[in-house]
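Single-structure report; data block below.
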């Protein structure tokens, strides 16, 4: 039983738990820190959004408890609306500041569009919750309406007509993706996770459409186009097959052969021509030339292949242990699951140090492979579908309550997003200085080191529990200490990192993210790297 606190709003309902309030306190600390650093009208919008999201999150939580939400959400966690709502607006703010400091006006405006899009998507999720709550929560509606009015007024006088249209396009895509994917994937997300994941996919899809229509004027990096096309292509493939297999049994050999044929058709007939249109060259030849361009890349690819083989051997070995065990319901312990975190850390650190563009592309390819294998497992596509179901069931936890297994994909995203989201055009005049030099390592520090150490030491030696959670004080302190040691090692082995005496900010950022890990019930593999990225970028 968690410690109870007074309600955040006077409407009737269950009071907020201490864990939700503690999570909110950490998020507000991050928002205030960014606001103090940026201190402009956009950061005031972020503060207003945080206040209204805190109140609306209470309504979402009550809807989930009563089973009155429009879709089936993951029930083992709270709604997570507040921490998810703040990611895209804060990311846009720090991106705007970074590009403004480097004198890149185009990407400065891009950061403002990112922030405005995040604000719009979060406000829509709030309006949705308030619209289906009965009786109508008048006080929360007033707070949300006031905050929304301030945000809309400021954005109206800050965005051009084209930027407003772009924000509305993303919002429209987000609405349709919510209706489609939340219906096709019940119990896979909390409302906050849906906001974060589907909001990101909506923004990527709109960017790809925009760049495809203006391909003559736009001159982008091929690796950026590669990421956009791969993400959108895999999502569209999932929607297509999910719709198709409503009308036919996906587990037969005929359906499996059709699946593989259609995958080839979509890949060769849609994805590759689309990428060719954007980069003006043969995508396969470009990819091969890119991968084997230098001797360092050959060594890295060979090293990563060995680590991938090791990860597969761990899966096979653990399943062999389960087969020999008397209990067929044996689940892999926490320490065993964290083996993959160590393997991912060993994968990413050499890539960040020696060849970040290669790591960028390799992570994109791995994401496509992971999503494709999940389609094969979910649809029971022969010959690997049933085998994958048996192998991966050993590593399930309470967050995999829906039909899809997403935790390994979230781990890959958490490690890769700091690499993908660095505004490279705003850092070409020199490497990132101060705490920003650690931005590429945000995933390694938050998930690979911090979350792993907190889980291992907390579950084995932790005795003092944070109020209302299973997380322990010892685990959190070990997490902070391990990340500090990792920063020191990064300074030793990566000559491009120069912290410029910004140690207090780095320590504060690591501490806040570690506290968020202790109290959040959302997917920490995805949420923690993004918050550390935002804090380090600021």
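Cβ atoms here come from the backbone N, Cα and C positions, even for glycine.
Listed ranges 196-216, 259-279; the one TrEMBL annotates as transmembrane segment is 259-279. The transmembrane segment annotation in TrEMBL falls on one of the ranges 338-354, 423-439, namely 338-354. From the options 167-185, 319-337, the stretch TrEMBL describes as transmembrane segment is 167-185. Between the transmembrane segment (441-461) and the stretches 338-354, 360-380, 401-421, 473-493, 499-519, the greatest number of Cβ pairs separated by less than 8 Å involves 473-493. Distant neighbours of the transmembrane segment (338-354): 296, 300, 303-304, 307, 310-311, 314, 362, 408, 411-412, 415, 419, 440-441, 443-444, 447-449, 451-452, 455-456, 493-494, 496; these residues of the same chain sit at least 6 beyond its ends, with a Cβ under 8 Å from one of its Cβ atoms. The stretch in closest packing with the transmembrane segment (473-493), judged by the count of Cβ pairs under 8 Å and taken from 107-130, 225-247, 499-519, is 499-519. A contact between the transmembrane segment (225-247) and the transmembrane segment (360-380) is present, since 3 or more of their C-beta pairs, 6 or more residues apart, lie under 8 Å.
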